[in-house]
Every structure is written in structure tokens, then in C-alpha cells.
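Look at TrEMBL and you will find 1-13 tagged as compositional bias 'Pro residues'. Per TrEMBL, region 'Disordered' is recorded for 1-46. Annotation comment: TrEMBL describes 14-24 as compositional bias 'Low complexity'. Taken from TrEMBL, the feature compositional bias 'Basic residues' applies to 31-42. If you look up TrEMBL, you'll see 75-176 marked as domain 'SWIRM'.
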Amino acid sequence: MSDQPIPPFPLFQPNPNSNPNLQLHIPSTPAKRKRTGLRRRASAVPSPSPFPLLWLPNRLPIPPSSTASEIIFINKEPTAEALTALSAGFPADSLTDEETEAGVVSVIGGIEQVNYILIRNHILTRWRENVFQYLTKETLTPSIPSQYKTLLDSAYHYLLSHGYINFGVAPSIKDRILTEPDKPMVVIVGAGLAGIAAARQLMTFGFKVVVLEGRKRAGGRVYTRKMEVANQVVVVGTLSHFIELKLNSSQIY
């Protein structure tokens with residue numbers, strides 16, 4: 001048995017129909033050694049491959065440090081602002097389905113969504129601090145770095161257009177209603193609390209609003225009527241009222 005090492009087999013075979021413009025380096029190798037039927041013991045030191053590495057995938061470039069990969073710092077109480085968002089009907093650390101459908105962020109998940117949520121919670125907290133004052137975007141600019149202006153615009157527009165901020169009957173909010181609407185007319189059926197609130201919000205956006213009500217009064221089920229005897233009050237518009245339960249009565253009209 002010969003101790004001469006077995007030369008490696010060639011990886012490429014010449015193709016007579018190959019593209020002449022594509023040149024591959026095919027190293028020459030000795031002729032194939034005739035098999036003797038005996039298994040040769042492997043060499044302790046592996047011989048280096050005579051074939052060069054033809055292709056190596058390049059590493060993806062590491063993105064430079066930027067604000068897109070950093071979590072925004074607004075104040076020292078993000079937990080308190082998250083609780084405020086919870087009280088307003090938002091999840092503390094995620095988006096609602098409505099926010100996702102509105103496209104408030106370009107990509108769901110990641111740092112951009114985290115920063116949007118922090119800004120959204122901060123806006124809700126600032127509004128809750130003084131609901132009698134109209135919250136403008138300019139008042140939020142000092143607390144939000146300028147590189148996050150896009151997220152600030154997105155969060156502020158969503159909260160404003162969906163009625164989460166700047167609503168109510170405070171003078172500073174009523175002053176925002178245009179005396180001459182510049183948008184089309186909207187008809188609202190029902191002058192209950194929901195209808196009146198929707199009408200006021202649409203008027204703030206510049207719509208001309210007409211409210212239709214079947215009764216001779218506004219307010220829907222919210223209606224207080226005094227009795228002629230001893231200024232007693234009639235409870236209406238609800239069943240299982242706490243007064244009804246205490247009086248052990250079936251219903252109060």
C-alpha cells in the first residue's frame with residue numbers, strides 16, 4: 001500500500017457550451033489514482049485545499065448611530081404617563097387597532113413604535129394636566145426633540161382628530177370653533193350626549209353641522225325634571241339605579 005496522498009477531485013468540469021465571457025479559474029490536478037480496494041488511514045494533518053474560496057458573502061454594514069435607534073427621553077416619569085394613557089383607553093405599551101389602521105408609524109414594532117407610544121402618552125398627560133386650556137403642538141415642541149417631529153405630528157394629529165384631546169366646553173376650546181365653516185355640511189341624528197359631542201368636535205374641525213332630534217329637548221336620556229312637591233327630582237333614563245335599589249322598588253319614573 002502506497003503512502004502517497006490521494007489528490008483531491010476537481011470540483012468543476014469543463015463545459016464546451018459555457019459562456020465565453022464568464023471565466024472561472026479551474027486549477028489543474030493530477031490524474032485520478034486507481035483504486036486498490038484497500039482503505040487508507042486518514043492523515044493526521046489535513047492538507048490545504050488547492051481551490052481558492054470563490055465567493056464569500058459580505059457583512060451587512062452596521063448602521064451609524066442615529067436617533068432612529070435610540071429611545072426618546074421625555075421626562076423621568078414614563079410609568080405615570082403610561083397610567084394616564086390607560087385611563088384614556090389606550091394600552092400603556094402598545095398600539096390600538098385604530099392606530100395601526102391609521103398608520104401612525106411606518107413599521108409595526110421596533111424603536112419607532114416605542115418612541116411614538118412615549119410621545120402619545122406624553123401628549124395625553126399634558127392634556128389631562130389642564131383640560132381647560134387648548135393644547136397646541138407648539139407647547140409640546142420644547143419637550144420633544146426636533147428629530148422626532150414626524151412622530152410628534154403623527155401622534156398629535158391622531159389624538160386630535162379622534163377626540164382624545166382638546167374637547168369640551170371650556171372657553172379656550174369653544175373659541176376654536178370657526179364662525180364661518182369652510183367645510184361641507186354634516187347631519188347628525190340624535191341630540192344626546194354623543195350627538196352633541198360629535199357636533200361640537202366637527203364644528204371645531206370647520207364643518208357646518210345640523211343636529212336632528214325627535215324630542216322637543218336635547219340631551220337624550222340625560223334629563224332632570226323637578227316634581228311640583230318639595231322640589232323632589234325624578235330619576236329617568238336608567239334601570240337598576242342606586243336610588244331604585246335602596247328603595248327596594250322595581251322602577252322609578
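Yeah, the Cβs are placed from backbone N, Cα and C, and that goes for glycine too.
Taken through DSSP, the domain 'SWIRM' (75-176) splits into 62 helix, 0 strand, 40 coil. On the 0 to 100 pLDDT scale, the domain 'SWIRM' (75-176) averages 93 in this prediction.
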